[in-house]
Amino acid sequence: MSDPNPRSEITFAQAFLCSAFAACVAEFCTIPLDTAKVRLQLQKKVAAEDGAASPKYKGLLGTIKTIAREEGISALWTGIVPGLHRQCVYGGLRIGLYDPVKTFLVGSAFIGEVPIYHMILAALLTGALAITIANPTDLVKVRLQAEGQLPPGVPKRYSGAMDAYSTIARQEGLGALWTGLGPNIARNAIINAAELASYDQVKQTILKIPGFMDNGFTHLLAGLGAGLFAVFIGSPVDVVKSRMMGDSSYKSTFDCFFKTSFNEGFLAFYKGFLPNFGRVGAWNVIMFLTLEQAKRVLRG
């Protein structure tokens, strides 16, 4: 992210490595919350009829406890391998390219604070490009996280991440690995803009307050602000993305959107909002703290 007092510039390769490392650390620490979020989003609304069962998963802590009790504690890290694959590619590109693209948009001779609309545009572009490349890793992560919803006795479709990649390509075609690319581009471009641009803006605002310095506490506050804004803006497309990747019955992005809205109501798009914020807020804090420190080490 923008350094108000840069000491020495780092190369794109260094920025990519710092970004990928920070994203992987954050992913490993928060994937139990992500697993709970995906399960809540994929859980269809149960009709209130005689004999109808109540929803299996209720709330963040309830979902985590249910998964741990029924499937074992390690099930909370289901999808960690493709999750790390995703962050190495997606995290490294979207964050590592953000500052270079921002500089390109304003011009290398530009001096002063970068306008917010340039921040947003840079993040939209890098988010869209990165997820276009990384979509297969996202698909496999969601498929593996959804495995726990299979009825008792039904064998799992995939034995692991690499098996999932090959099985999907073999049975559904190579293009199937880019299932849900449309909503995924929309989601990740929007959330990337919300995260990176709001982090920069919040950080700049905080640093103007007397007594605040460019340190861990400032990074923590800016990371929380970025996470909250990202979840509020991105939740609807996040729900559509998770459902399309976890359920092949939807014909298109609009089909998923209209069926969800008609059958379950608009609030269904904010299903899992608290676990999503818990995960994204924590993810952003961990990622930005790690990223800032990694860049500081490289700058010397």
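Glycine residues also receive a Cβ, built from the backbone N, Cα and C atoms like all the rest.
From the options 91-111, 217-237, 280-300, the stretch TrEMBL describes as transmembrane segment is 217-237. Assigned with DSSP, the residues of the repeat 'Solcar' (214-297) fall into helix, strand and coil as follows: 73 helix, 0 strand, 11 coil.
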